[in-house]
Amino acid sequence: MPNFCLPRTSHNCRPLSSGPMTGTAEFQRNNISTINSSSYTSFNKLENMAKIVICTLLALGLFVTLVSSDTIPTQNMSHKEREALREEARDMFYHAYHAYMDNAYPADELMPLSCKGRYRGVTPSRGDMDDILGNFSMTLVDTLDTLVILGDFAEFEHAVKLVIRDVQFDNDIIVSVFETNIRMMGGLLSAHILAEYIQKNAQVMHWYKGELLEMARDLGYRLLPAFNTSTGIPHARVNLRYGMKDELLKKSRETCTACAGTILLEFAALSRLTGDPIFEARAHAAMDALWKLRHRGSDLMGTVLNVHSGDWVRRDSGVGAGIDSYYEYLFKSYVLLGDDKYLARFNRHYNAVMKYVSEGPMLLDVLMHRPHAKSRNFMDALLAFWPGLQVLSGDLKPAVQTHEMLYQVMQMHTFIPEAFTIDFQIHWGQHHLRPEFIESTYFLYRATGDHHYLQVGKKALKALQQHAKVPCGYAAVNDVRTGKHEDRMDSFVLSETFKYLYLLFTEPQDLILNIDEFVFTTEAHLLPLSLAQLGNSTYSFRQSEEHNVLDFMRTCPSSNKLFPEKVRKPLRNFITGSCPRTPATKRLRALDFQASNADHLRAVYDMGITMVSLGDGKVRLFHSFYNAKSPEEGEMGLQFMQEMLELTKLQSLNQLAQLQAVAYPLDDKSNDWTALMAGPSHFSPELTEDDFVESEVILAEPLRACDERLANAEKAKGKILIAERGDCTFVSKARLAQKSGALALIVCDNVPGSSGETQPMFAMSGDGINDVKIPVVFMYSQEFAKLSKVMQRRPHMKIRIMQMIEFKRWQMAKESKANATETTPSASASTTTTTTKKSKPEKEL
């Protein structure tokens, strides 16, 4: 391995060229036998060239405990309680595992509410979500190595025999290359490696002769056709039997950055274990192609690209969905394979992320080509892996900060919702029992030894037990606000969520294998560091001329200031906005702030607040602890930002113009109309002033409107379509409605009891592609229930979708006209008639 800074005490790590060390901190060269000679050559070359040390507090196994004499972690957990939680995590795993094996196997997934298996082509389609399924017993394959970590060799042996007997890949079925690689390929390879491991060390499974590796090779060849593109970047999907010859795939063009950049660990392992270099070569080529597509000015990546032209389709750049594991595999490829170019690339991207995307503990997407412009106002749950990756790469302070922010979001909503806004409200309310937050909690505990992270893990475990456990496994939460379950238990719940919980509460010496000798893939599968020893005869490690010394320059943080307790303290009330103490100095209040006042601008700058112009005289404020003049100023900045949020909420009361109205006459003969509140969308035409859409309404079949075609598409033509929220994105439903010839779309909420009277109306988000030409509005369930009752009585009733403020104006005008008519003498009837004819045309309400 390369040189790592291993701080034994709370002193600073310093580069080799800085002279003698002080205190007891020291540098150690770790002569690990798993690294081949070509890797050492590369590292020595780097050392001689730059005389620096790659400062990594832990590199998937080299864990460090930071000790501070003046700060003691609170809420220390007893050994007895930790053992009890470990056994509870084990029981949770077996409750879910046996539910799958008894009720779903050989299906890919368990449906915990139905207590039956989910089969591709048999159970109702969920659209693109089902691309993870291949009718190849995915949950069992994904779970094999967890059984070994639990020490259950008997069940592992039984499961391996089932996989060898039942699983085959010669299926005429289209699957996700990314998901199939990380779940199936990773599961097979890890299980093969561990089967040989326990065969040698535990004297079991003597019958095993590498059958799982042969299955992995077969699967690898079936995935290879996806790499036949002009860029070398793989297609998002492939047919397991016909490759890219499938008619449905011939026009496919787009893939996400994470989809294309999360291949190398598994494919390199496959090449080195089988001796067939093609897999690793293709994966390296894909990573090289992706690196060339970065924005040269910002060093950021987008999230969706064209695999043939290399053009970016979506230029949003962050660390969450669509890009997350690309960064993870850059760093872990360096650790596992010993190629320093991946460290250089990771450092370039990491510095860009911390410069443009990181806003203190928050991580907000920007545009890769305009990195100072934020591209959305919410964060997604997948970014919770980032603190764990920061720990692995040696940057502990921001890892602690972001983890603390996420922990507060979890406490606020019981679970971390699928997406939440910058003021920590729910954007998407689902929680799929994802492992990323628990993963980061595990790595932070291993790096710091701070029992705070054991308490965090305990809270996450108890939340799963209380709110997700059902008689037949664990069910995803459809909405964290209501706790309603979804008939879904992804394979990663067994492969990752329960695995990381078990590891968190288990002492490393109590495990049957040395976890420090393995790398975790993004699906938490184990690949041994000894793979580097095998080498790849066709792929030469080379020092690329495009990298320089600065790409490798990373400094260890000062650990005497980085003990997690100290870093968390200023963030304890980050979400609520109440700070621990109020400085004696006079503080600028948000109510008094004037953007034209130079003193005010200087004051907010000292508080760590930056301003980004949005045009039209509007600005957006961002707060960062890094930029604050002092810790006290940083706390003042938090108060200022909270006050700004409160002011924004007050202003939102005056934003009636953004609301849409679904209006209809009280009865077929009446001229009196009523309107129900609806929310707009960001991706459809806005109905303003006199614009409206009028037609009969019709329910989509199926109601979720997530299939490729509506069953009642002909009847929907020329009408206003109604679809229910769920199963696919809002914009997907809108495109299907537009394809069916509908004039407009109403999306009704799938959360019972939700109402615009008690919840803030939100605008539906799109995916950045502006191809929806019909108006789309959103109604909460209580408002839609009123409309539904009227539709049942009057099936051919026409409704109008329009701007709410225009409906209000029409009502006021109508009332004024009625009052004028009542006060006009009967002798002036002719005058009244003339006035009525000159009023606003009825078609405009």
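Note: Cβ is positioned from N, Cα and C throughout, glycine not excepted.
Positions annotated as active site, proton donor by TrEMBL: Glu179 (among others).
Look at TrEMBL and you will find Asp324 (among others) tagged as active site. The local packing around Asp324 (active site), expressed as other Cβ atoms within 10 Å of its Cβ over all shown chains, amounts to 26.
According to TrEMBL, the feature active site, proton donor maps to Glu418 (among others). When other Cβ atoms within 10 Å of the Cβ of Glu418 (active site, proton donor) are tallied across all protein chains shown, the result is 22.
What TrEMBL records for Glu436 (among others) is active site. The Cβ of Glu436 (active site) lies under 8 Å from the Cβ of Ala381, Leu382, Leu383, Ala384, Phe385, Gly388, each on the same chain and at least six residues away in sequence.
If you look up TrEMBL, you'll see Thr522 marked as Ca(2+) binding site. Spatially close to Thr522 (Ca(2+) binding site) yet at least six residues away along the chain are Ile182, Thr262, Leu265, Ser325, Glu328, Tyr329, Phe385, judged by Cβ distances under 8 angstroms.
Here TrEMBL flags 820-836 as compositional bias 'Low complexity'.
Within the domain 'PA' (697-781), the DSSP-based counts of helix, strand and coil residues read 15 helix, 20 strand, 50 coil. If you look up TrEMBL, you'll see 697-781 marked as domain 'PA'.
TrEMBL lists 813-845 with the feature region 'Disordered'.
Note: Glu179 (active site, proton donor) has non-local neighbours Asp131, Ile132, i.e. same-chain residues 6+ apart with C-beta under 8 A of its own C-beta.
For the pair Asp324 (active site) and Glu418 (active site, proton donor), the C-alpha distance works out to 15 angstrom.
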